[in-house]
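Each remark here refers to the structure printed beneath this line.
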Protein chains: 2
Amino acid sequence: MLGFVPGNLSLYKLAFRHKSVAQNIKKGVKNSNERLEFLGDAVLGSVVAEVLFKLYPYEDEGFLTELRSKIVSRNNLNQLARKLGFDKLIEYDSRMLNSSRQGSLLGDAFEALVGAVYLDKGYDFTRSFLVNHIIKSHVDIHTLEQTESNFKSKLIEWCQRHGKDISFDLVGNEEGESMKLFTVQALIDGEVMGQGKEFSKKNAEKLAAEKACENLGI
Amino acid sequence: MLGFVPGNLSLYKLAFRHKSVAQNIKKGVKNSNERLEFLGDAVLGSVVAEVLFKLYPYEDEGFLTELRSKIVSRNNLNQLARKLGFDKLIEYDSRMLNSSRQGSLLGDAFEALVGAVYLDKGYDFTRSFLVNHIIKSHVDIHTLEQTESNFKSKLIEWCQRHGKDISFDLVGNEEGESMKLFTVQALIDGEVMGQGKEFSKKNAEKLAAEKACENLGI
């Protein structure tokens, strides 16, 4: 499935073990994939950063940061892990999780797998594996580049779909030395779901929408 | 200064060039250190993740994530870069920056340098350089481990210092399948500054406090 022969098999088994079925190996420590996920997330971030740095020599760091976050988003990694057939490999206890939480198991396991490959084979191998076996075949960078990452419209669509009211309220307005600082809250059915503070009202709204998306897990 | 002989010198020069003195090399693209900073930030995150993963085999990913963010915090990287003498190397236009922004020049340049080393010498070299030349001599991981990073007490102290009222209000309480989900808002002088949703009230408060610190730039 991965295109190479694993060395230390126990690392790969660990990568697919969700904490809901993990056992205590020491006080408070479980043999779940969470530590590997921490490591793999970092290695993946570094590999993707280099790929984008070289692929887009004339784009600034704002562009690179945004595109990377689309590539490593939970949503994208979940899809990727499903394509790779990880849903058949992950050990978990379905009674412990509701369906929305089950969704992120896949992306989490993908990151943990990257951590396992790194510990087993080192950075250069992991980079080649990710570039040649994963990114080239399964990640359409140029389509992601075009993808809507406008949190405001995403949030508005979500509210329409779920029959909820949404409003953006300007709740603060501070005079800075040379600029004004605006505070905007995103309210959904009257409840504050996100707040943003920025030097323009538009950007404060964007930030509030982003926070609300985060809080709602959209 | 770095303990090795650089190969491609232009990369290292670029690492110390702040955007305030950069020139346009193509429409909208400047030869500043910002792209290198993007890359170096990712490589540094990955190296520190591995160091902590191996140094703390019995700590969970929450501990590792928190400790890493202390090590790579702007504050810590600024201090590190100053110790290394970067303040004498960075090219920038002081008229373009106020003093608070000048502070982060140092940490930014440190990350950019890591990006330059990576492009010049590869991952394994960069890892050894960071571990042996930087982390072992200049980063006191165990002291950072003890450092206060409790957002709730940080926020409360800040409010006391600025004469503001603070309260944590429980505003939501959802029954999950097997667990309860709590929503807590951090209010400062009655204004919602952060919100957190978690499976315990205590963790929801912590999250709300963290968001509020973020919003307030504390």
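Just so it is clear, glycine is given a Cβ too, placed from its N, Cα and C backbone atoms.
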* Hey, TrEMBL has Mg(2+) bound by A:ASP108, A:GLU111. Any idea which of A:GLU37, A:GLU50, A:GLU174, A:GLU175 it lists too? -> A:GLU37
* So which of the binding-site residues A:GLU37, A:ASP108, A:GLU111 end up next to chain B, with Cβ to Cβ under 8 Å? -> A:GLU37
* Alpha-carbon distance [A:ASP41 (active site); A:GLU111 (Mg(2+) binding site)] in Å -> 5
* To do: Summarise the model confidence on the domain 'DRBM' (A:150-218) as a single mean pLDDT, whole number.
  => 84
* Structure fact -> For Mg(2+), residues beyond A:GLU37, A:ASP108, A:GLU111 with C-beta within 8 angstroms of the site's Cβ centre include exactly A:ASN33, A:GLU34, A:LEU36, A:PHE38, A:GLY40, A:ASP41, A:GLY107, A:ALA109, A:PHE110, A:ALA112, A:GLY115
* Secondary structure at A:ASP41 (active site) (DSSP, helix/strand/coil)? -> helix
